[in-house]
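Here is what Swiss-Prot says about this protein:
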- 104-133: domain '4Fe-4S ferredoxin-type 1' (DOMAIN)
- CYS113, CYS116, CYS119, CYS162: [4Fe-4S] cluster 1 binding site (BINDING)
- CYS123, CYS152, CYS155, CYS158: [4Fe-4S] cluster 2 binding site (BINDING)
- 143-172: domain '4Fe-4S ferredoxin-type 2' (DOMAIN)
Amino acid sequence: MAMKSVAVLTKGMFGRIPAQLAVSSVPSNTIQKRSNYKFVGMPNETDGTLAGDLNYGLHNVFFTELFRGFGVMLGHVFMEPATINYPFEKGPLSSRFRGEHALRRYPSGEERCIACKLCEAICPAQAITIEAETRPDGSRRTTRYDIDMTKCIYCGLCQEACPVDAIVEGPNFEYSTETHEELLYNKEKLLLNGDRWEPELASNLQAEYLYR
């Protein structure tokens, strides 16, 4: 009964019972003074005083929240938009952006990958599979380089581990597919990505060389 009487005080000017009745039903040591509370901004309920009741009633009668929100809306009409019209407009990407994978070549056209398999070993998702063979000149090159893009978590560890900057994550993030098989990248697909994005890849690596 004591809790119910105190709660009635918060219902506003139209639902309150006389204060003396509520106080009489509650022990004096359980009553907290209204001065202990501070209403900030737009009040959602009355604070129990006559001024609070009047303020609460005016806000409900004249819909001040509605007009205040309308004013905020009008202010944003003349502000610069915070969004872009994607996909017709695209925002800038960081040089550290990690997108679709690619295998790079040297300017001579020779593949950079030396089949050290460091990327395969460090991949936490075990998404990379590499097979290699030794050439007559003693160098090693990959015969198979597969990445299961459905497993990849885009951590960038493969790129960090590569000693010759062969495997990188490029700027492309628009490569959604309709089938699972299209996300199983082989060596030819990765080299094609590298040829396509080489200018951007080289520029990004150069921009970040001090931090690698």
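Keep in mind that glycine also has a Cβ here, set from the backbone N, Cα and C atoms.
Other Cβ atoms within 10 Å of the Cβ of CYS119 ([4Fe-4S] cluster 1 binding site) number 22 in total over all chains. Within 8 A of the CB centroid of the [4Fe-4S] cluster 1 site residues CYS113, CYS116, CYS119, CYS162, the other residues of that chain are ILE114, ALA115, LYS117, LEU118, GLU120, ILE130, CYS158, ALA161, PRO163, VAL164, ALA166, ILE167. The local packing around CYS155 ([4Fe-4S] cluster 2 binding site), expressed as other Cβ atoms within 10 Å of its Cβ over all shown chains, amounts to 14. Taking all protein chains in view, 20 other C-beta atoms sit within 10 angstroms of the C-beta of CYS152 ([4Fe-4S] cluster 2 binding site). Per-residue pLDDT, averaged across the domain '4Fe-4S ferredoxin-type 2' (143-172), gives 97. With respect to their backbone Cα atoms, CYS113 ([4Fe-4S] cluster 1 binding site) and CYS158 ([4Fe-4S] cluster 2 binding site) stand 12 Å from each other.
Long-range neighbours of CYS162 ([4Fe-4S] cluster 1 binding site) (same chain, six or more residues apart, CB within less than 8 Å of its CB): LEU118, CYS119, VAL168.
Helix, strand and coil counts from DSSP across the domain '4Fe-4S ferredoxin-type 2' (143-172) read 5 helix, 9 strand, 16 coil.
The two recorded residues, CYS158 ([4Fe-4S] cluster 2 binding site) and CYS116 ([4Fe-4S] cluster 1 binding site), have Cα atoms 12 Å apart. Within its own chain, CYS123 ([4Fe-4S] cluster 2 binding site) has LEU157, CYS158 as residues 6 or more apart in sequence whose C-beta sits under 8 angstroms from its own. On the backbone, the CA of CYS116 ([4Fe-4S] cluster 1 binding site) and the CA of CYS155 ([4Fe-4S] cluster 2 binding site) stand 19 Å apart.
Following the DSSP three-state reduction, the secondary structure of CYS119 ([4Fe-4S] cluster 1 binding site) is helix. Within 8 Å of the centroid of the Cβ atoms of CYS123, CYS152, CYS155, CYS158, where the record puts [4Fe-4S] cluster 2, the same chain has further Cβ atoms from CYS119, ILE122, PRO124, ALA125, ALA127, ILE128, ILE153, TYR154, GLY156, LEU157.
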